[in-house]
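According to Swiss-Prot, the features are:
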type	residues	note
BINDING	Ser110, Leu111, Leu112, Pro113	(6S)-5,6,7,8-tetrahydrofolate binding site
Amino acid sequence: MLKIVFMGTPEFSVPSLEKLIENYDVRAVLTQPDKPKGRGKKLAMSEVKEVAVKNNIPVFQPVKLKNDIEVINKLKEIAPDFIVVVAFGQILSKEVLDIPKYACINLHASLLPNYRGAAPINWAIINGETKTGNTTMIMAEGLDTGDMLLKDEVDIKRDMTAGELHDILMNRGADLLVKTIDEFSKGNIKPEKQGEPETDYAAMLSKDTGKINWNDKSERIYNLIRGLNPWPLAYSSYNDKVMKIHEAKILDAAPEGEPGLITNVDNNGIEVNSSDGKILITKIQFPGKKSMNVGEYIRGNNIDKGVILK
């Protein structure tokens, strides 16, 4: 049975680790150090660590793997056939990349070379793509630049959020990894060099990424709202209060007045002008409050027509 060392941290990595445990001999799991979570700021394990502990697999949590001689020596001792990396959150040194018998394989949630970087799922939706997918590749020292192995294409539906796409790619990625390891270990996959990307780098998201510019077209605003749901969420300023926008629709209507102007509020939502039409905001959240459908929110609170969202 093939020996595997797995490296990953967030929820996206979990189905991959579970599939690897089902199919191979997973000797060790590396994940990021426990982080303070919630109001009590108690240290919490990563989702990946929880799975490893449940399956009695040794866990290592180096702050910086490339500087951790002890962990690197342990990996050399294990002498894995493959190191498999899914959203680990650290760049691997050449010393680590050279450890496995076959290769270090990475699962990346885009059709490489497009959308290299930390947030490929979000940027594919923000940019209005209709297709994306997963790519497995042999890891090189650069970020997401290694030779490609297998791809799996996925359609992005018109109303799909980043959260929904994340879950599809997360589950399909696990199957693609197993297929990649099986075929690669038998010599059935010819690695393919990456060409030049046709898209921008998929940079890490920050809360500022979500600020809506109402001078943009409706399509652009709608894609931003979908692409940042469930985190960090698109937002606008209503009377100097941050209004996070969870859900919206494009209205088939011409703008009335300047961009950002609220032209109507009712149980269906808040109508707002864009540069070329209108957006209907249907689900919102104000600081310290839970998210609510607009119809529910306006039963106890005011959203005034004529206010300009900034």
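Cβ coordinates come from backbone N, Cα and C, glycine included.
What Swiss-Prot annotates, mapped onto the structure for a quick look.
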| residue | record | contacts (Cβ under 8 Å, 6+ apart) |
| --- | --- | --- |
| Ser110 | (6S)-5,6,7,8-tetrahydrofolate binding site | Arg116, Pro120, Ile121, Ala124, Thr132, Gly133, Asn134, Thr135, Ala202 |
| Leu111 | (6S)-5,6,7,8-tetrahydrofolate binding site | Lys131, Thr132, Gly133, Thr135, Lys151, Glu153 |
| Leu112 | (6S)-5,6,7,8-tetrahydrofolate binding site | Thr135, Met137, Asp144, Met148, Lys151, Gln194, Pro197 |
| Pro113 | (6S)-5,6,7,8-tetrahydrofolate binding site | Asp144, Thr145, Gln194, Gly195, Glu196, Pro197, Glu198 |
Neighbours of Ser110, Leu111, Leu112, Pro113 excl. site residues, C-beta within 8 Å of centre, (6S)-5,6,7,8-tetrahydrofolate: His108, Asn114, Tyr115, Arg116, Pro120, Gly133, Thr135, Asp144, Met148, Lys151, Gln194, Pro197
